[in-house]
Structure formats: structure tokens, C-alpha cells
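J.: Let me begin by handing over the structure; questions about it come next.
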Amino acid sequence: MPRALWTAWVWAVIILSTEGASDQASSLSCDPTGVCDGHSRSLNSIPSGLTAGVKSLDLSNNDITYVGNRDLQRCVNLKTLRLGANEIHTVEEDSFFHLRNLEYLDLSYNRLSNLSSSWFRSLYVLKFLNLLGNLYKTLGETSLFSHLPNLRTLKVGNSNSFTEIHEKDFTGLTFLEELEISAQNLQIYVPKSLKSIQNISHLILHLKQPILLVDILVDIVSSLDCFELRDTNLHTFHFSEASISEMSTSVKKLIFRNVQFTDESFVEVVKLFNYVSGILEVEFDDCTHDGIGDFRALSLDRIRHLGNVETLTIRKLHIPQFFLFHDLSSIYPLTGRVKRVTIENSKVFLVPCLLSQHLKSLEYLDLSENLMSEETLKNSACKDAWPFLQTLVLRQNRLKSLEKTGELLLTLENLNNLDISKNNFLSMPETCQWPGKMKQLNLSSTRIHSLTQCLPQTLEILDVSNNNLDSFSLILPQLKELYISRNKLKTLPDASFLPVLSVMRISRNIINTFSKEQLDSFQQLKTLEAGGNNFICSCDFLSFTQGQQALGRVLVDWPDDYRCDSPSHVRGQRVQDARLSLSECHRAAVVSAACCALFLLLLLTGVLCHRFHGLWYMKMMWAWLQAKRKPRKAPRRDICYDAFVSYSERDSYWVENLMVQELEHFNPPFKLCLHKRDFIPGKWIIDNIIDSIEKSHKTIFVLSENFVKSEWCKYELDFSHFRLFDENNDAAILILLEPIDKKAIPQRFCKLRKIMNTKTYLEWPVDETQQEGFWLNLRAAIRS
């Protein structure tokens, strides 16, 4: 018994382990190219069953705590491994040993307290390594990255425990495109620790305090292209001129992101610009200036310029004491060499005239997302302001009058590119004044409803997208590029108004079609973007778009953005894939063919009706319908005649002199209905026939060659035949007055022919001795 329990327990463990492995393997989704996605699946270990077919593995944002030597040993072709945002605290020495093709490794935001160089000793082709956000204090006891000659992006450090950088830490690295060091609590920086890296394209340094900043700058200033400082309080920053003044520098760009300045520390930064002579571009992003802008007592007057800085960018500048801020007149002299200035989303409402006049080299000015209005723009664009300015961006400010804006900018004689988009102009006056060299104008998202001659005739590029325009009828002889997407245009502009247009973007309007002739009329058009419209996929439109192989070279968004809106059965389909039926595309031909077919059908029907007596059948149907309105059989008391006699006029002698004598003078006499004497004069013949038949007990047909040929007999039979033989009774008595060929009976009397073939009829005997028997049989038939 104990042995049986032990066996059952072992099998249960095996089954549960297998199910667990199967569940983990199923939590991965892999595509045919070997890209496996397992992020955010609540995994607590690396799934088993991974093979050499896996080339990219994403296990980020899980609960993995451990990476073992065998977890990834079969993934020999793995190129990308993402293990970020887990709970990994242990990585065995040979965990990545078999990943010789690995190019991207992310171990960020785990719980690694120690780093080992043995992890990376076989990763010769590794290009990207992210170790941010772990718990380590240093980068290990030995050189961590000496086996990574192809590494181009490296991210190390954390915001709390990483406190030391030593000289050995970056040994073996000669060139990095990007190096990010998160060292908010850095306490020890050994000089020359970063100097071993011969070239760094972009260094991102997170520091809380600037105590060690100058020491780091000394090591990198000769090997760095772009230096980015983040999350730093520079209130106590002091720049030592002696530390850098005698060194050659390669830094071309400085970026300050989420950095705090005071008036004093800002002056120290300006000194840095002056001494690091290679700096061409400076950017302040989401920074805070804790001062009032009073630099007069801070020896700023001894600095004549901002070094070689040509581009200055300021985004989201916060000034807590904004309403106490000085006029910045002390920094005006420093701006003479600056060529490009961007001050975005920083509550700028005025550029003082004097500052504008000092910006003598300025070619590009971007004041987007600020508070500029026509009143303040008048002061900013004063006489002699920005004398070489070519591009002015006033996007999303508080401008309201297009006419006044153009007039205020007349002082800018060299202005050729103006962006005043996202201002609420609403309307456009008939005439405006603009600087004489204007070539580019951006009026997108300004809520204008129509375009007028206000626009300068010198324009080469015009952007009026995202407005309420329903037409474009301006003559702009020099316009080369037109951006008019997201409006309400129903058709392409007239090409004669835009003779040199080469680029047109007119997507997301309400255009429903365009033709080859329209496109050909734009003789210089090279690029057209017209997707996102409600196209009517007519036969002509589909024939044009699907038949032009070169159309894709002109339509940049072809074919995915071109969808049918109608007809309904192709709605939503790509224009390239839509198909219409023959009847939709050749309606005239189909209608003509249908008319011809109908004519032939009518002609054939007429021939058949004539051949098979169709008119007779219709007349019979009409007579029958009329008769149907009356009782199918007259009440017994309405029977007035013993028999109705249908006969040919040429057989009247036999009927009137023999039959009448034998029947009406018999005792008791029979009462016969003869059309000559008993039809009511003036009554419609149809009613006479129908009434006579209905009031007669029997109907006697006197058949002969004359009967078959007689038009009168045919006429009687035309209107009596249907009712007599539709009732399936024995009311008809056939008398064959003379032998006739059954084939001579018309085909339309099919039931009469059938009766003659299936029922007995009376034949008039030539022998007088047999005639008495004939009359006896006839009287008996009438009485039956």
C-alpha cells in the first residue's frame, strides 16, 4: 500500500509539472518570424520549451525572479531579449552564454543588487544594454563591459542606491551612440572614469545636485557631441573657468531637461557657453527659473556673447515669480550671434522691441503656444527688428485679425516663411498687405471659411488644412505646394489657377471622384495625397484608377487610404479592389440589349399567338371570366330549353326542316333554342350565347365540314366552349352530319377533339331506314 501511494504521488508531481510548463508555454504568442510576446502575462519564471526558432522574446512586466543557466540555452538565434520590469534578483553566471547572436538586452527595473561581467562575456554582437532601475550601488568589482566591443547604447544606474562611478567601470568601451547614467545620489566620481570612452554621441546624465558635474564635464568635454542634463537642481552650481579653459572641446549641443536655475546659476551656465567654444545649440526643456531675471549685479556684463551658440530652444519654461521678472535688458548684448530661437509654451506675450533689434543675426524665430496678440506683436516687430529673419512661427497664439497681422509684419523685409496656424482668424478680408518676399504661409486650423485675394501672389507653399473651406478658386501663379486636407472640398482645384503646382495634399475632404483629365491638367504634379475621401466608385472612376499602373507613383497614400463610399455593396472596400457588375458599367448597352430582346420576345409572342391562336385563348379567358361572375349552373326553374343547337348556316335546312320537325312536333315536344329565332335582338352576342347555353338542358353541336369552316360556328364555340367543357358534364351532344376529317378540327378546340376521340357521338345515317333510330337516340340523349 505505501508503495502504491508513493507511485501515485510521483505521477501527480509529473503531471502537475507538465501542466505548469504547458500553461507557461501557452502564455507566449509567437508569430512565424520568431517574434514571441509574453509581456504582462503574470509569469513567475521564464517559460520552458523555448527553441532556436525564437528570435525576439518579450517577457517584460511580469513577476519573474530568477534567470537560470538552462532557461535560454536553446535560444541560440535570439536577437532581442526584454526582461524589464520584473522581480529578477538573481541571474546565474552562464544564463546568456548561448546567446551569441543577441543584439538587444533589457534588464531594467528589476532587483539586481550585483552585476557580473560573466553575464556578457559571450555577447560580442550586443548593441543595446539597459541596466537602469536596479538595486546595485556600483557597476561591479571588475570591468563589466570589456567584452562588448559593438555596444552602441548603454543605460546604467538608478535613482537611489547608485552612488559610485570608478575608473574601471567603462573600460573597454570606445564608442557609444548613447550613454545614459542615472545617478541622482552620486557621491563618488573618480576622475577619468568616463575619459576611457573615446567618443560619445549623446550622454544623458541624471543628477540631483551639481557637486560632481564639473568633474564629469572635464572628462567628457573633448569626446562628447551632445550633453543632456536631467532632473538637476543647479541652485548651487558654480563653474570653474580654470578647469576647462585650456582644453579642446567637442561638445556641440547642451540640453537641460527638468533643471532648476537661479539668477546666479544661470549666469554660471552662460559662462560655460562662453568657455566651451564648440557649443552651437542649447536647449532648455521643462525647466524652472527660480529668480526674477536681475542679472545686472552678477558680472554678466563681462560676458560679451554666448560663445558660438547659434540655436537656442526653450520649451515649457516655468517662472514662479513671473510678474516680478525683469526686462532682461542685461542679456540683450549676448544675443547678437544667435540665428535660431525657439521659445515654446512658455507664456511669452511680448518680445521687447530693443531685444528684437539686438537679434541682428536671427533667421528663425518660433514663438508657438504662447500669448502673442496683434497689440504685442506690433511692439515686437518694430522698425529694425529681426533684420534677417526669414522664418517666423506664431502657431497657437492669440492672433485674431489676418489683415492686421500681415500689416504688422511689413517691417520684416526678408521674411519668406510665416506660420500663423491654430489662431482664431475665422474670416479672411478681401485684401491684405504682406512682406514682399513671402513664399510660405501656414494658415491651417484657423477656422477660416473661404479664401480671398488677401493671400500674397508670391506664395510657393500654402497650408490651409483643417479649416472649413468648401472651394478653392484662387489664382496663385507661383504656388508649388498646396496643403488643403481636412476641409469640405467636393472636387480638385482648377489646374489653370495653379500652373506650376507639384505637390497637393487634399485628403479627408468630401471629394467623391476625380478623373484622368483632371490629373493630367496639372502638368507638373508629382505628388498627390487624396485619400480619406468618400469616393463614389463609378465605372469610369474604377476604370481610370485601376487601369493606371503609374498612379501609385503620384498618389503617395495609394491604395490603402482610397476607399469606396458607394455603391453600398462595395462600401469600405479599397478602390483598387472594388468590382462592379456589367449592368452597372454598361447601362446603355444593357438597356439597348434588353429593348432588343423585348422586341424580339414580343415579335416571337405575336408569331406564336398567330400560329397557335393565342388571341382566341385570350378571348376565351375573358369570356370565361365574365361567365364566372354568373352562377355556374342555372337553377332548375330557369331552364327554358331542352337543347341549344349550334350549327352552320349552310346546314340550316337540315336543322330547321328535319331536326326541328322531329323534335318540336314530337309528343311530348322538345323545345329547342335556335340563334335565328331565340336570340334577343340588341343584346351582346356573348351574353346571348352564354344565357342560351345556361338556360338549355343540353347543347347540340351539328358537326360538318361547313361547321368547321363556318366563322359563325367558330364564333359561337369561341364563347361557349370554355364553359361547356370546364364543367366536366355530359351536356354536349355531338351530331356528325357528314363524315369529317378530325384533323380538320382546329387545334384550339382541343377538348372537342378529345371528346370525339373518347366519347360516342350520333352520326346521321344516309339510309332512310336507319334515320328513325337516329331520332330515337337523339331524343333519349336530350332527356338524359
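Keep in mind that glycine also has a Cβ here, set from the backbone N, Cα and C atoms.
Straight from Swiss-Prot, here's the annotation block:
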TOPO_DOM  21-587  topological domain 'Extracellular'
DISULFID  Cys30-Cys36  disulfide bond
REPEAT    102-125  repeat 'LRR 3'
REPEAT    126-150  repeat 'LRR 4'
REPEAT    151-175  repeat 'LRR 5'
REPEAT    176-199  repeat 'LRR 6'
REPEAT    224-250  repeat 'LRR 8'
REPEAT    309-337  repeat 'LRR 11'
REPEAT    338-361  repeat 'LRR 12'
SITE      Phe349  site 'Interaction with bacterial lipopeptide'
DISULFID  Cys353-Cys382  disulfide bond
REPEAT    362-388  repeat 'LRR 13'
REPEAT    415-437  repeat 'LRR 15'
DISULFID  Cys432-Cys454  disulfide bond
REPEAT    438-457  repeat 'LRR 16'
REPEAT    458-478  repeat 'LRR 17'
REPEAT    501-524  repeat 'LRR 19'
DOMAIN    639-782  domain 'TIR'
MOTIF     761-778  motif 'ATG16L1-binding motif'
J.: Specify the nearest of the recorded positions Cys30, Cys36, Phe349, Cys432 to Cys382 (disulfide bond), where nearness means the distance between Cα atoms.
T.: Phe349
J.: What same-chain residues lie close to the repeat 'LRR 4' (126-150): Cβ under 8 Å, and 6 or more beyond its ends?
T.: 84, 102-117, 120, 156-159, 161-166, 168-174, 180, 182
J.: Which one is it, among the recorded positions Phe349, Cys353, Cys432, Cys454, that lies nearest to Cys30 (disulfide bond) by Cα separation?
T.: Phe349
J.: Between Cys353 (disulfide bond) and Cys432 (disulfide bond), find the distance joining the two CA atoms and give it rounded to the nearest Å.
T.: 24
J.: What else in the chain is close to the repeat 'LRR 5' (151-175), if you only count residues 6 or more beyond its ends and a Cβ gap under 8 Å?
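T.: Tertiary neighbours of the repeat 'LRR 5' (151-175) are 108, 126-140, 142-145, 181-194, 196-200, 206.
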J.: State the non-local partners of the repeat 'LRR 13' (362-388) in its own chain: residues 6+ outside its ends, Cβ under 8 Å from one of its Cβ atoms.
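T.: Tertiary neighbours of the repeat 'LRR 13' (362-388) are 335, 338-353, 356, 394-401, 404-405, 408-409, 411-414, 419.
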J.: According to DSSP, folded down to helix, strand and coil, what is Cys353 (disulfide bond)?
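T.: Note: Cys353 (disulfide bond) is helical by DSSP.
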J.: In whole Å, note down how far the CA of Phe349 (site 'Interaction with bacterial lipopeptide') lies from the CA of Cys432 (disulfide bond).
T.: 24
J.: How does the model score the topological domain 'Extracellular' (21-587) in terms of mean pLDDT?
T.: 90
J.: I'm trying to understand the geometry here, so how far is the Cα atom of Cys36 (disulfide bond) from the Cα atom of Phe349 (site 'Interaction with bacterial lipopeptide'), in Å to the nearest whole number?
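T.: Phe349 (site 'Interaction with bacterial lipopeptide') has its Cα 52 Å from the Cα of Cys36 (disulfide bond).
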J.: Counting by DSSP, what is the helix, strand and coil composition of the repeat 'LRR 13' (362-388)?
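T.: Result for the repeat 'LRR 13' (362-388), in helix, strand, coil order: 7 helix, 3 strand, 17 coil.
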J.: Give the residue from the disulfide-bonded residues Cys36, Cys353, Cys382 that has the most other Cβ atoms within 10 Å of its Cβ, counting over every protein chain displayed.
T.: Cys36
